[in-house]
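Q: Structure in structure tokens, see below.
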Amino acid sequence: MYTSRSLFSTLASCLSLATLVASSPTTNQNLPSSKRDATVEQNVFFDINGKEVETRIAKLKAEGYRPTSLNIHGTPTDAKYAGIWIKQDGNPYETIVGANKTTYDAWLDQWKASGYVSTQVSATGPASNAVFAGVMEKIPSIRNWTQICGTSSPYAYLNATGDAPIVITGVSLYGTPTERQYCVLGHEDTDNHQQTVWFPTSSSQDYKTIEPAETTKRFWRPVFIDSSEDKLLASIFDDTSVGNWTVRTDLTASQLQSEITAQKANNMHPIHISGAGSTETQYVVIFTEQATPLERNWHAVGDITGFPDNARVKRDLDEILQKFMKRNSVRQAQVSASINGTVIASRAYTWAESNRAIVEPSDKFLLGSVSKAFTYAAVDHLVSTGVVNLTDHIYPLLGYTKPADPRSLNITIQHLLDHTGGFDRGMSPDIGFIFTTVAQSLNQSTPATLRQLIEYVLAKPLDFEPGTRSVYSNYGTLLLGYLIANKTGETYMSYLEKNVLKGLDVEMYTTPGADHTNDRIVQETKFTSISALTPLSEKRVANVYGGDGAVKEAAVSSFALKASADTVSRFIGKHAAYGLGPRQLFMYRDGTVAGARALAYSMAKLDWAITLNTREYLDENAWNTLVFTDLYQLWGALDSALPL
């Protein structure tokens, strides 16, 4: 799989060309009525030869239709074509069909020299005798693009593009099973577009298992599928919104018309088509409610109340967040500032499609390791009430006296707070994310518990002598969360609510994706892996829903609380952002986990916090610039001007 960023249609057994006019539905749970397509006029063809397709394309071009999908399949001597054209205005375009590689490359170079961009490429046949079809358009906004054909490894494309950010827009599989070839096309990525690309190399990479995994991520969908002659499917998924969608695979020509008719009755448009097979062609089609993805809209809500020039603070803060979110493709965020636990600045930001929630200041975001601040406050309460001492040895306190590494008996509560307990995630796996591994080691089909994880770790050697150096560890706060429950007889969350939160609205972010189907805040990640909830299955889910190896119910004390930025800024007005005790000047805590990024910062007078619904921005430098330069300078200037 390549992770960086469909369309299909088809027609009748007795017809090689048809015109479809589809009206959008009057009701829909996904798209507001104002955002649905009005009337879409399409022209869909399939199972026609080279002479026919040239005639068809010329006629369509003359009538104002534009290509959205073009596919060549079959043998070089008897190539067949399928395509979708839509009637709409647009940039000039050129097409080529049935060209050998020499002719195709010359055509590509000719139109590239005239400022055209390759937008579609398709090939069929063996490597030595392949034939190509393609579309090029004059799109001034695309300044850089890269297309490679004739490679046996699609990952060679990444080497060709180097560090340049690229959105892969098309893939074509051709050649033979023993000498497979790929065409890969990509355009420059100017807005951190999120996608995953699956290049199959064998039948074990079945689209029917890929799609369910990819779509555990809310709003993700297939945008492109290409079929090899032996029916392997290359696919591209992204998180753009087109309302309802569906994919149909393995359709014979005789099944196409009925499928088109059925989908039309549901107001679904075919947007992409691919065929394969030299005898009986089978087709793959993507249907969508919206022919083109929804555009994003900018929203900023909330109040600024605590400064001499509130309007200017609002303007400056909004400019910082708008610039960051648009450049980094971040959809949801909050920023808050408080003094002595009272919120004086609260802004919620949305850069998203109309079928997603507009963020409010009260919405709760996954906090990642900012959750640890609440655990430290809970431990502080345990110490202040005499339940434990910082010098207590953690494992004997929990009833464990025979670890595999005797040095484990020397680990104190203070060591865990200071990240000096002997756990180095640079030497061993990050213990917070090995719940899947623990369950698999026990041949257990149910999720590993925190107790099982602790006992798994106890059977391993430490990475270094406790107390000799500090290395950030999620395991320390897992142990502290277990300690809280073990010594008080309450759940971690119950203890927090009774002794720490004082009415603040903080919750646990649960693991199952089904729990978050209707969440206003979508914690976004493009990555998937084996679910920690079903560790012995092959089921893959979004990392935020257990694909990262974490069971959040067990790891809540380390990185699985959710709250608003307002709540966080108020909390650190009373408690240390980092460390034990009351509020501390110029201390901060940074949190990152799949699907989230957050930061809490105490300055001289101001306490401020930021929450994002993803950590998949351009790079870590983008985050550091946002929080440690732009926001730090803004809040720092305001902080210094506030009265003591």
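Every residue, even glycine, has its Cβ placed from backbone N, Cα and C.
According to Swiss-Prot, the protein carries these features:
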- 1-23: signal peptide (SIGNAL)
- Asn100: N-linked glycosylation site (CARBOHYD)
- Asn144: N-linked glycosylation site (CARBOHYD)
- Cys149-Cys183: disulfide bond (DISULFID)
- Asn159: N-linked glycosylation site (CARBOHYD)
- Asn244: N-linked glycosylation site (CARBOHYD)
- Asn340: N-linked glycosylation site (CARBOHYD)
- Ser369: active site (ACT_SITE)
- Asn389: N-linked glycosylation site (CARBOHYD)
- Asn410: N-linked glycosylation site (CARBOHYD)
- Asn443: N-linked glycosylation site (CARBOHYD)
- Asn486: N-linked glycosylation site (CARBOHYD)
Q: Out of Asn244, Asn340, Asn389, Asn486, the glycosylation sites in the record, which is closest to Asn410 (N-linked glycosylation site) when you go by Cα distance?
A: Asn389
Q: Cα-Cα, whole number of Å: Cys149 (disulfide bond) versus Asn486 (N-linked glycosylation site)?
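A: So the Cα of Asn486 (N-linked glycosylation site) lies 61 Å away from that of Cys149 (disulfide bond).
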Q: Using a 10 Å cut-off, grab the number of neighbouring Cβ atoms around the Cβ of Ser369 (active site), all chains included.
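A: By my count, 24.
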Q: Within 10 Å of the Cβ of Asn144 (N-linked glycosylation site), how many other Cβ atoms are there?
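A: Taking all protein chains shown, Asn144 (N-linked glycosylation site) has 14 Cβ neighbours within 10 Å.
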Q: Taking only same-chain residues 6+ apart in sequence, whose CB is under 8 Å from that of Asn340 (N-linked glycosylation site), what do you get?
A: Gly573
Q: To see if you understand the setup: which same-chain residues, six or more apart in sequence, place their Cβ under 8 Å from that of Asn389 (N-linked glycosylation site)?
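A: Sequence-distant Cβ neighbours: Val383, Ile413.
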Q: Measuring Cα to Cα, how many angstrom lie between Cys183 (disulfide bond) and Asn144 (N-linked glycosylation site)?
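A: Checking the Cα atoms of Cys183 (disulfide bond) and Asn144 (N-linked glycosylation site) gives a distance of 17 Å.
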Q: Quick check: of the recorded positions listed here (Asn100, Asn244, Ser369, Asn443), which one has the Cα closest to that of Asn486 (N-linked glycosylation site)?
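A: Going through Asn100, Asn244, Ser369, Asn443 one by one, the closest to Asn486 (N-linked glycosylation site) is Ser369.
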Q: For Asn443 (N-linked glycosylation site) and Asn244 (N-linked glycosylation site), what Cα-Cα distance in Å is obtained after rounding to a whole number?
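A: A Cα-Cα distance of 39 Å.
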